[in-house]
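Undergrad: Annotation comment: Swiss-Prot describes GLU177, ARG223, HIS451, ARG492 as L-aspartate binding site, evidence class sequence analysis. Look at Swiss-Prot and you will find ARG223, ASP224, GLU225, GLN232, GLU485, GLY537, LEU538, ASP539, ARG540 tagged as ATP binding site, backed by sequence analysis. According to Swiss-Prot, the region 'Aspartate' annotation covers 201-204, on the basis of sequence analysis.
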Amino acid sequence: MSKRTTYCGLVTEAFLGQEITLKGWVNNRRDLGGLIFVDLRDREGIVQVVFNPAFSEEALKIAETVRSEYVVEVQGTVTKRDPETVNPKIKTGQVEVQVTNIKVINKSETPPFSINEENVNVDENIRLKYRYLDLRRQELAQTFKMRHQITRSIRQYLDDEGFFDIETPVLTKSTPEGARDYLVPSRVHDGEFYALPQSPQLFKQLLMISGFDKYYQIVKCFRDEDLRADRQPEFTQVDIEMSFVDQEDVMQMGEEMLKKVVKEVKGVEINGAFPRMTYKEAMRRYGSDKPDTRFEMELIDVSQLGRDMDFKVFKDTVENDGEIKAIVAKGAAEQYTRKDMDALTEFVNIYGAKGLAWVKVVEDGLTGPIGRFFETENVETLLTLTGAEAGDLVMFVADKPNVVAQSLGALRVKLAKELGLIDETKLNFLWVTDWPLLEYDEDAKRYVAAHHPFTSPKEADIAKLGTAPEEAEANAYDIVLNGYELGGGSIRIHDGELQEKMFEVLGFTKEQAQEQFGFLLDAFKYGAPPHGGIALGLDRLVMLLTNRTNLRDTIAFPKTASATCLLTNAPSEVSDKQLEELSLRIRH
């Protein structure tokens, strides 16, 4: 077997006249009666190889037997294509290889679906079952090439900045961090369990107490939670922690790193600092803590209408401490029928809204179901507050503030997609800061950490932990990209007494706190430096930078929406002997 000269996708005019050896898969084969053309494929792309009896009759005979996905080795001379056969769509489109020798390395059965780019309309479950074939597609191959480039860029940046890459345990202790843990029974310790880490949070804090100063890890994390398009049970996190820093230091580091990544893998220079917005401002203007700022359509407070109008829904809402907000779809009045509006009403119902009121702005006033409730002065108020003009569609939700925010926040994104308002070429990064430290869980009747229990409150708000916990703000910051939460971080608590107070506010008894987190509280007794960090979702970053819409397309062997692996049929039953060794019994 000869040595490969180069990759198929890298054969360009620089190789003209050279005899080369290529190895790869038959992408397709065309028999033109006396001549056979084969597109040979590898991870870098496709090159056309030609079997011509003038060069080798023996090679032509073998080529007659090859089929799609055969693995072959070819030797031949690189020549320029005839002008009428040049393919400008591919990097190798100016050249072809006149084959003098071919060897079939391995045959292939007919694949369950075509690997050609033109034939990707295949049921996703079939693609996942034969994932090793799916990954041969150039589109996915390029996605994973970019994933490699992204991780390489991240590592280079962090290495240059003096960070140590340190691994943390995969088998660890189950602690209450929000999502359900994946549990691993211990054979040695009967009746006891390890947990797979939801994040290396506590270990990276312990590494700061150990004096390592700057840590990072590109690490697998596990959360047993309901899945959706941008979530997986196991995912990869870029985990970073730094000592003797404040919030500004961490945000600046994260920003510099992301700018470097985008420049190196996308060729896009991001000038200036990322925009910043407080949590309250994001919720007020966009109805979301991860707003997509690539388009306008902000939420506008029109609660004044509830005080001025004789419209019971609006009036009752304001009198019961609710609010009325509107969004304006510019020029969309004619695009949405009453049936369409009924569908949008059903959409906001999902988010708890009782209804969706709407009007269309025309030259002489308003039309629509509630248009008749608007007196002339009410119309003027609406147009002044919203800036709406003739041809615009104005939609209202009147309810509790959180319902208004969630429903209109989701609706603006839906409308933007339907109306084509989103510039898909934009990369709109945004920092969301000044988060609430705590949230109140109505079901559990207690406070829970908005991020995690180790986030420090703002110094000015520490006293509020004992008096008004719901008002305390955190030294926390999220990085958002195009409406997706890319990652989040915070300055951590580094004082044992404050950490114990935080556990108390969260409803832990001293005994429970010691049992769950005693190792951390003990570590705080031995000189903990101020520290903080951030964690970025690598899979999500790759998804956004490669313009994918599904997280599964960025993971080599992903799980389905029901957390199964169709390739290996995991999870699976295990033998009675294995269960017995673990002292486990399955109850159906």
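Start at 1 and count along the chain as shown; that gives each residue its number.
A Cβ is built for glycine as well, from the same backbone N, Cα and C atoms used for every other residue.
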Undergrad: Count the Cβ atoms, other than its own, that fall within 10 Å of the Cβ of ARG223 (L-aspartate binding site), considering every protein chain shown.
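TA: Its Cβ shell of radius 10 Å holds 21 other Cβ atoms.
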Undergrad: At the level of the C-alpha atoms, what whole-angstrom distance separates HIS451 (L-aspartate binding site) and ARG540 (ATP binding site)?
TA: 19
Undergrad: When you scan the chain for residues with a C-beta under 8 Å from the region 'Aspartate' (201-204), skipping those not six or more beyond its ends, what do you find?
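TA: Sequence-distant neighbours of the region 'Aspartate' (201-204): 168-169, 172, 175, 177, 215, 217, 239, 241, 452, 454, 517, 519-520, 533.
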Undergrad: Widest Cα span across the ATP binders ARG223, ASP224, GLU225, GLN232, GLU485, GLY537, LEU538, ASP539, ARG540, in Å?
TA: 19
Undergrad: Cβ neighbours within 10 Å, counted over all protein chains: which one of the binding-site residues GLU225, GLU485 has the most?
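TA: The residue with the most neighbouring Cβ atoms within 10 Å is GLU485.
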Undergrad: Out of GLU225, GLU485, ARG540, point to the one nearest ARG492 (L-aspartate binding site) in space (Cα versus Cα); all of them are binding-site residues in the record.
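TA: Given the candidates GLU225, GLU485, ARG540, the nearest one is GLU485.
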Undergrad: For ARG223 (L-aspartate binding site), just give me the three-state DSSP call.
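TA: In the DSSP reduction, ARG223 (L-aspartate binding site) maps to coil.
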Undergrad: Counting every protein chain present, what is the number of Cβ atoms, excluding its own, within 10 Å of the Cβ of ARG540 (ATP binding site)?
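TA: Excluding its own Cβ, ARG540 (ATP binding site) sees 23 Cβ atoms within 10 Å.
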Undergrad: For the region 'Aspartate' (201-204), give the DSSP counts of helix residues, strand residues and coil residues.
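TA: Reading the DSSP string over the region 'Aspartate' (201-204) gives 4 helix, 0 strand, 0 coil.
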Undergrad: Rounded to an integer, what is the Cα-Cα distance in Å between LEU538 (ATP binding site) and ARG223 (L-aspartate binding site)?
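TA: That comes out at 15 Å between the alpha carbons.
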Undergrad: What is the separation, in Å, between the Cα atoms of GLU485 (ATP binding site) and ARG223 (L-aspartate binding site)?
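TA: Each residue's Cα considered, GLU485 (ATP binding site) and ARG223 (L-aspartate binding site) end up 17 Å apart.
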Undergrad: Could you check what DSSP calls LEU538 (ATP binding site) once collapsed to helix, strand or coil?
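TA: For LEU538 (ATP binding site) - judged by DSSP and reduced to three states - the answer is helix.
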Undergrad: Tally every other Cβ atom lying within 10 Å of the Cβ atom of LEU538 (ATP binding site).
TA: 23
Undergrad: Where does ARG492 (L-aspartate binding site) sit in DSSP terms: helix, strand, or coil?
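TA: It is in a strand.
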Undergrad: Given ARG540 (ATP binding site) and ARG223 (L-aspartate binding site), what distance in Å do their CA atoms have, once rounded to a whole number?
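TA: Distance (Cα to Cα, whole Å): 15 Å.
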Undergrad: Provide the three-state secondary structure of GLU485 (ATP binding site) computed with DSSP.
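TA: SS state of GLU485 (ATP binding site) = strand.
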